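Feature annotations, reproduced from Swiss-Prot:
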- H45, Y154, K199, R203: heme b binding site (BINDING)
- 13-27: compositional bias 'Basic and acidic residues' (COMPBIAS)
- S2: N-acetylserine (MOD_RES)
- S2: phosphoserine (MOD_RES)
- C265: S-nitrosocysteine (MOD_RES)
- C282: S-nitrosocysteine (MOD_RES)
- 281-286: repeat 'HRM 2' (REPEAT)
- D160: site 'Important for catalytic activity' (SITE)
- 2-295: topological domain 'Cytoplasmic' (TOPO_DOM)
Amino acid sequence: MSAEVETSEGVDESEKKNSGALEKENQMRMADLSELLKEGTKEAHDRAENTQFVKDFLKGNIKKELFKLATTALYFTYSALEEEMERNKDHPAFAPLYFPMELHRKEALTKDMEYFFGENWEEQVQCPKAAQKYVERIHYIGQNEPELLVAHAYTRYMGDLSGGQVLKKVAQRALKLPSTGEGTQFYLFENVDNAQQFKQLYRARMNALDLNMKTKERIVEEANKAFEYNMQIFNELDQAGSTLARETLEDGFPVHDGKGDMRKCPFYAAEQDKGALEGSSCPFRTAMAVLRKPSLQFILAAGVALAAGLLAWYYM
């Protein structure tokens, strides 16, 4: 009888130890930076999922001019990020995540810029106003709080390795870009043989960083700030769209920009049948004229770049 009691007590004690070990393991896992980022940015993911701009991008509803300008916004963003990563490559809170050969995108983006704009592309482009705020934030973090740089690196590169491949196919199909990669070098990671395995390595390195819980929480907060900067770009896009709509009504635009055969335009043909041609303005030509405004071009570019960044998070 006593032996049975001892055996029972031994089993109970063993179960308690196993339960305690499991609980401790779960606590440690939830304290991992990758898990904290995943849980801590869920709300940002939810907002992104309901963005019409992202849905349209997935459907291939994007024009080549906007894609060119999106590449411009990405170029300035990654130039800032990689400049600060280079500055902090020996910092203990970032050094294990320094993978220039595998991850850096500036060189690839330079090739894309040359493809879209020509050799003198640097003379033709400027950083969008809203994107400039994000660039300034990255520089501030790199120079003053480098322990938070991981928030921006993880958000961008892990997303690019995941959803970026989907975006590449969408862009090539919608814009009829060469299958050999011209114009989409940004999405090509030549030195990463297996994206899934590399992401696992990156997360393991990130989780092994010697950071206290307070710093980890600040990193999660910084990752959410990155999303907020992107959402501000959308707000600017909406405001610019309303402003330009008013400008269109006030200023007007030349009929078909004075080019092409008006009789071949479906809009004018329909209006002529209704006897309502005089005073009408083709919406297609109006839109094209609006898109030629530099201010809108760069705002739309930032919007497209934002969509790419947000969409990439879905596939992480």
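Backbone N, Cα and C define each Cβ position, glycine as well.
Sorting the binding-site residues H45, K199 by the number of other Cβ atoms within 10 Å puts K199 first.
Mean pLDDT for the repeat 'HRM 2' (281-286) in this predicted model: 49.
Taking CA atoms as the reference points, H45 (heme b binding site) and D160 (site 'Important for catalytic activity') are 15 Å apart. Residues H45, Y154, K199, R203 are recorded as binding heme b; their most distant pair of Cα atoms lies 19 Å apart. Taking the Cβ of D160 (site 'Important for catalytic activity') as centre and 10 Å as the limit, one finds 23 other Cβ atoms among all the protein chains shown. The separation of D160 (site 'Important for catalytic activity') from K199 (heme b binding site), Cα to Cα, is 11 Å. Mapped onto three states, the DSSP output places R203 (heme b binding site) in helix.
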